[in-house]
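Here is the structure we will look at, set down as structure tokens.
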Amino acid sequence: MASSSSFLLLAALLALVSWQATASDPSPLQDFCVADMNSPVRVNGFVCKNPMEVNADDFFKAANLDKPRMPNKVGSNVTLINVMQIAGLNTLGISIARIDYAPLGQNPPHTHPRATEILTVLEGTLYVGFVTSNQPAPNKNKFLSKVLNKGDVFVFPVGLIHFQFNPNPHQPAVAIAALSSQNPGAITIANAVFGSDPPISDDVLAKAFQVEKNTIDYLQAQFWENNHY
């Protein structure tokens, strides 16, 4: 009986370790696997280009990340460099983004379903924060926030809702973010909830947000602009 219990415990531990090992981008099994964007084969990620045809340009992009970008309606512009821009990032589990913030601009609440983010402020000041996942009652989702100045670094754990806001009404701000996936993805909460196509039923959203349906209808009628380019 004891040996059976020990076996079950060992199996559970191995399953947990195995799950943790596959919870992010898989580790490469060769030096590189440059994405073959023209292959008809569909896999989790991209098929490898013939290594004999690989050249330096597969690992390069003249991205001009030193140049400011024009913020949009929400006052920010995210310029993401992932595997879709640099094919050599395939299987390497990393990407980078420049984020420009207008005065009082924000990168609105969003999540990255496949990546942890580490952000560095290059210019200006940012008020940043994230919210933890649902906790057992009576606990609530905990909000963690910080004011960052030039040179400061902050981490947003994978999958958690987070944001950045420039509190300065006169000066823009700039940040660089590194993300732990070749394709981190982004789900902007307001856009996903109120700007989906087709729209989520206003009955569902009115019940979820405990408001009148006309409030939901008003929100769904707005133009939910994407600030990721």
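Including glycine, each Cβ sits where the backbone N, Cα and C put it.
TrEMBL labels come from automatic prediction, so no person has curated them.
Copied over from TrEMBL:
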- 1-23: signal peptide (SIGNAL)
- Cys33-Cys48: disulfide bond (DISULFID)
- 63-217: domain 'Cupin type-1' (DOMAIN)
- His110, His112, Glu117, His162: Mn(2+) binding site (BINDING)
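All features noted in TrEMBL, drawn onto the structure.
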residue : record              : contacts (Cβ under 8 Å, 6+ apart)
Cys33   : disulfide bond      : Phe46, Cys48, Lys49, Asn90, Thr91
His110  : Mn(2+) binding site : Ile161, His162, Phe163, Ala186, Ile187, Thr188, Ile189
His112  : Mn(2+) binding site : Phe156, Val158, Gly159, Leu179, Ser181, Pro184, Gly185, Ala186, Ile187
Glu117  : Mn(2+) binding site : Val155, Phe156, His162, Ala177, Ala178, Leu179, Ser180, Pro184
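The number of other CB atoms found within 10 A of the CB of His162 (Mn(2+) binding site), across every protein chain shown, is 22. The Cβ centroid of His110, His112, Glu117, His162 marks the Mn(2+) site; residues of that chain outside this set whose Cβ lies within 8 Å of it are Thr111, Ala115, Phe130, Phe156, Leu160, Ile161, Pro184, Ala186, given in sequence order. All protein chains shown were included, and the count of other CB atoms within 10 Å of the CB of Cys48 (disulfide bond) stands at 19. On the 0 to 100 pLDDT scale, the domain 'Cupin type-1' (63-217) averages 95 in the predicted structure.
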